[in-house]
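**Q** Heads up, here are the entries from TrEMBL:
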type: BINDING; residues: 109, 114, 119; note: oxalate binding site
type: BINDING; residues: 112, 114, 119, 160; note: Mn(2+) binding site
type: DISULFID; residues: 32-49; note: disulfide bond
type: DOMAIN; residues: 63-214; note: domain 'Cupin type-1'
């Protein structure tokens, strides 16, 4: 009987430990407004904290997400962020927001990944084809056509995209589970790296002629730099 009790206690302890380690511990202060001045600052989550007594409402405020982004670019989209870089009060709070505008007839937020965040997106205007691809070896595509009011989730680290399949402008807002989720746009990272990746590597990886790789690299390197 004692052996059974011990086993049950061990399993419960293991489960509890797993649950505890599943998320970051909560901050020990109300907030930690980020500052660039290191004098009298405390370094937390990649930013120095302002003295809480000096914090103001402006540290938690950002206007302008009602203003459409300029989609006059090669991909026909614009992402307007609201993360710790724009709202210093987000530091340590583990959340951020973006507005995404898409041009008609093919505005694209190209395949990319957020290495530090899950994303939940809601469409407010237009019609979007969205999707994400799972990791190797399945590489399974989850895709859906979204209309105003529809929501879709992109799990952390998964390559995902949004594509305007409608004849009008499209707008979406997305929340991300990091104060600074960052983004890696796949084509830009692979073909626009600085310095450039050896064309032999990319030609073999993508099964392309080396001249095509060099052409892509010249285009993306110019765009990135």
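Using the three backbone atoms N, Cα and C, a Cβ is placed for every residue, glycine included.
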**Q** Beyond 109, 114, 119, what residues of that chain have CB atoms within 8 A of the centre of the oxalate site's CB atoms?
**A** 98, 112, 113, 117, 121, 154, 160, 174, 176, 181, 183
**Q** If you measure residue 114 (oxalate binding site) to residue 160 (Mn(2+) binding site) at Cα, how many Å is it?
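**A** If we compare the Cα positions of residue 114 (oxalate binding site) and residue 160 (Mn(2+) binding site), the gap is 9 Å.
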**Q** Which Cβ among the disulfide-bonded residues (32, 49) has the fewest C-beta neighbours inside 10 Å?
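**A** Comparing Cβ neighbour counts within 10 Å for the disulfide-bonded residues 32, 49 gives 49.
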**Q** Of all the binding-site residues given, namely 109, 112, 119, 160, which is spatially nearest to residue 49 (disulfide bond) at the Cα level?
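**A** Among 109, 112, 119, 160, 119.
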**Q** List every residue in the same chain as residue 112 (Mn(2+) binding site), at least 6 positions away in sequence, whose Cβ is under 8 Å from its Cβ.
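**A** In sequence order, the residues whose Cβ lies under 8 Å from that of residue 112 (Mn(2+) binding site) (at least 6 apart) are 159, 160, 161, 183, 184, 185, 186.
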**Q** Take the C-alpha atoms of residue 109 (oxalate binding site) and residue 32 (disulfide bond) and report the distance between them in angstrom, rounded.
**A** 32
**Q** Can you work out the mean pLDDT of the predicted model over the domain 'Cupin type-1' (63-214)?
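**A** For the domain 'Cupin type-1' (63-214), the model's average pLDDT rounds to 96.
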**Q** Around residue 119 (oxalate binding site), which residues of its chain at least 6 apart sit with Cβ under 8 Å of its Cβ?
**A** 153, 154, 160, 174, 175, 176, 177, 181
